[in-house]
């Protein structure tokens, strides 16, 4: 049948075409109505939702990190500044190909493994659309290269942020600490909103202790930005509250003098104003540059610092616990006088050694090795202090007993944190029979009392403790907690309430007189620094035996010998009549106190003579 | 060739003096006016989509000038010549497509262009017209409705260029070209049983298509359509942002040049494929309805031309061209509003771009040639 219809039937064709057109028009109308419904659905029904979403797209809440407070020395010299640094960040949401972008960036700027690792860590903790820093402190050249290639690096942002800078470099690192990038543990501890936009936090020292004060309060702004995260305009803004500036008691000159005087020796110097407890200098050598840590120290540089046998990262001034040696003798003298066991006139026989009753062992005086005899047939308190007579204090210690000794010495801050406003302070050790039972589980032996009586044995003290104790002696018993910060913002920080160590005026006179004789006496152990001294200084030398190094450690002969030498110590205050400075100096393996006393003199000279020059001029 | 020629009065009743020129130029005045209105509307939106860059508007205006010149030429050309030359054009087009396969240049992993000494030419574009023309040429002399062997021959004519384009790969254009050919067959009266059978076949082949033919990125687009939230920052970004743009426009829009989504660069491809989102955001549903109305009037005029065509060739070609134009509209507006997967189809005569404007206006020129066929024959 199909075969038969071979002719074109135009009429049928037209009819069919009309039908098809009708169908087509119906389909078109239906489809366009569907489209209309879709747009109606989006624009009328869904209007609120999409309008909100579009607003959210457009408006972003941005954190405005506060400006970190500055740190000044007592004369207004800037110790910790902020300076603009360019940061390269990525907004993950706008980076189409992260690995490709990182590779491309690696060709434009220097990015090492540490940077990448830290970046990936931060990437895990980011909020949506938050720029995640990859590199800090871009050089000008790197910034130029990035600017040229910006178009092919979507999601890559370069912006400037204020970053910590220590203009004095290594001079103040131990005194004020440093900031570093916030690590995971700190991030978990911190209030995240307070630290939005802030990458750094105080790690040690004042920077850490006063973190809250220095940090300030974060601000916010609502900004309109495009899809590339570029800010087009600021809609509203809540300014950040800048961190407060700190003014320190520290004196740059003293700090420099002390650092220079220590030179390449390992040691520490702490100088205090006895009147206020203000710390005038806090030095620990070797030094290192805190700026290294601000932007993330490279692992190579860090291992060099960490593994150095000189342990530069160790803040000897507050962390270093040394046997105080004979520097403890003025305090022992106070104990003896106050306990009524001796008077300034009491004479003690000195054959150059001491023997406990009922014991055959001889406890030797240091002078025996030099002269083969004692300091004198009989020694009084002044001489005992001036010449640092061990026998006198062996006898006193025995009669005093270790526990009463501890009772008398504790108020001077030994054996406990002084409370200085920095971090990592160690308490030292003020031994007692109770302490020994508690920590070592052993009874106290009478022989050990003698060692402690001359600042050896179990006794350990930090330089800051010695300085504070010396200041208390200078003050005739008014103990002040050492304080670094003098002013916060515009307000003066009141000194911590003084602790008064009760003792008879004659007692203080006797101790001061003895310490004066250490420097000014004919046979004073520090008489070499008295030459040309235009003021009266009171001091006490000390020598600490090094028990330190374990046998079998590999050092060359000289090195071992050097590290087995005694530590030299010296504490002093001046002027004797009205003390304005108290100093504690320790020189590790300095051999003896002669390594330490000239340093103390240099510091006190710098303090007192400049003061006179100022008064005169 | 025996054509039935309908006898119509020498002068249409509604011809006014201004339309005499149009008649002399063999133009369809209502269609031309509608196209010009759409062009103007499109340029207004483009100015905003291009972020107030007058240069972009001028560039697009130049394409339109070229496009309307092509339209003028295409409309003036007698339809019989098109019919006669259709198969040769088709042959040439297929050869060019083969040429693209071997000597083509491309971008973004697709090889679509021929480089003719600095001038880039996309053969698949002209196939958008040549395929329906050729299918119409084939069917014009046959008994209609077409019988099975003729249908199969037509499918062959459609499939060859479609497959060549599919392998470039350019799924969107291949589908559009296939559709334009199939529309000819449909308008020629292809039996409903064949249509239903073909639809069932198409559904049945959906899985093998998914598994073997579609590329990963195409599959991704379909998956993204089904759940754009699954990939907020990747493939889903475009759809989420365009829906947000359209939806936040509301009834009356944010105002011309005030669309935040587009001006803050959240909207991708805002002046090309996604330009309807700019329109929706700035002019609201009102603006969308105005656009739909313009499109609908153009489509109805197209169907009217088909119904009044003098020859089988012109008739089925006019129907196909009109339906193809509709497919552009539907696919683009559906895709941008998240109704259809993202396929690279521009919003006809609104999206920026030279090739599509020229091809579309050439198609409308062809449509006008159909409309003026009677008068040509009358001469």
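Even glycines carry a Cβ here, placed using N, Cα and C.
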Task: From B:62-80, B:119-137, the residue range that TrEMBL assigns the feature transmembrane segment - done: B:62-80
Open item on the list: Using a threshold of three or more Cβ pairs below 8 Å, and leaving out pairs closer than 6 in sequence, do the transmembrane segment (B:62-80) and the transmembrane segment (B:87-106) count as in contact?
Closed with: no
- [ ] Decide whether the stretches the transmembrane segment (B:29-50) and the transmembrane segment (B:194-213) have at least 3 CB pairs under 8 angstroms, with pairs required to be 6 or more apart in sequence.
- [x] no
Open item on the list: Assess whether the transmembrane segment (B:349-371) lies in contact with the transmembrane segment (B:194-213), where contact requires at least three Cβ pairs under 8 Å among residues 6 or more apart in sequence.
Closed with: no
Task: Tertiary contacts of the transmembrane segment (B:283-304) (same chain, 6+ residues out, Cβ under 8 Å) - done: 28, 30-31, 34-35, 37-38, 41, 45, 246, 249-254, 256, 276, 318-319, 321-322, 325-326, 329, 350, 367
Task: Dominant neighbour of the transmembrane segment (B:316-343) in B:151-167, B:173-189, B:194-213, by Cβ pairs under 8 Å - done: B:173-189
